[in-house]
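In TrEMBL this protein carries:
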| type | residues | note |
| --- | --- | --- |
| DOMAIN | 49-153 | domain 'FAD-binding FR-type' |
| DOMAIN | 287-367 | domain '2Fe-2S ferredoxin-type' |
Ligand code: FES
């Protein structure tokens with residue numbers, strides 16, 4: 001957890017974004033009263049000084065209800081991501097931008113190169129269902145910068161174990177491709193769980209990696225035939241599990257079980273997990289939240305500031321509600337909040353994402 005007195009870490013991507021921000025500001029001054037985008041879009045729909053954009057260049061069916069999308073990143077989209085990270089995708093549906101994050105499935109790219117993601121249609125998944133049903137070459141999407149802590153570490157551990165289920169394989173495919181691209185493929189085991197044979201994503205990629213890298217073992221467990229994947233099964237399949245750095249991505253239930261099991265193992269190796277949904281557990285106590293002059297309410301430590309405002313009848317602007325698009329960012333004027341996505345604590349004067357921050361005591365937000 002970051003201490004409040006620490007200087008924020010300024011990454012290469014963040015510096016690049018600052019530079020672009022300055023350029024956007026200059027362009028805005030020269031093109032007022034029209035917005036710069038009114039001019040740039042006449043030339044190229046991917047040029048925008050307000051937002052990051054990309055254009056879908058190909059759509060291919062991966063499995064029933066799942067598509068692979070290849071996206072050309074537009075001007076300013078940072079492509080120096082780590083293998084395993086996700087990007088935000090925003091698309092206008094019924095007049096409102098809907099956002100969701102998707103793991104990148106490609107290895108890190110040279111600037112301007114194509115990006116790829118895999119999207120599965122899910123119940124109540126407004127954007128995912130829209131993309132599976134309607135994505136087409138030429139379609140422009142908004143892009144949120146790559147983010148996420150679930151990525152390969154440097155140096156690469158000698159022995160790796162990946163445990164995935166369903167679309168949880170997508171960030172791991174990026175990692176496997178990266179290991180192959182960098183000639184760093186050593187002793188790697190993947191245990192992947194799918195409901196049926198037809199649900200298996202990237203069978204050709206796995207087959208090619210198996211062929212080309214003798215140290216790679218890929219075990220696919222079909223749960224409709226063989227039963228659910230449990231930590232005990234993982235222990236049976238991988239006898240040297242305690243010698244491996246592990247990455248796991250899939251449903252929360254599977255990750256909870258793996259984390260509990262791993263904590264009991266006699267190992268110094270790390271298990272890193274990636275969850276698809278916001279984990280609302282934190283040390284935040286909740287408190288009285290004041291929204292400028294618009295009102296106040298009490299919220300517990302699992303209710304985000306955005307949700308608290310809405311329950312009090314105060315409408316704040318928002319986009320993705322997942323900490324990606326930054327539409328909901330407001331200045332925190334008093335008190336401390338916890339960011340549920342990162343675990344960071346933010347204090348007075350910082351700009352916070354109200355959709356993923358919860359109150360740690362009484363707080364005031366400038367709205
Ligand atoms: S609504 Fe998108 S970051 Fe909060």
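Including glycine, each Cβ sits where the backbone N, Cα and C put it.
On a predicted model such as this, the values are computed, not experimentally measured, just so you know.
Taking DSSP states H, G and I as helix and E and B as strand, the domain '2Fe-2S ferredoxin-type' (287-367) has 7 helix, 31 strand, 43 coil. Across the domain 'FAD-binding FR-type' (49-153), DSSP assigns 9 helix, 50 strand, 46 coil. Confidence over the domain 'FAD-binding FR-type' (49-153), given as mean pLDDT on the 0 to 100 scale, stands at 88.
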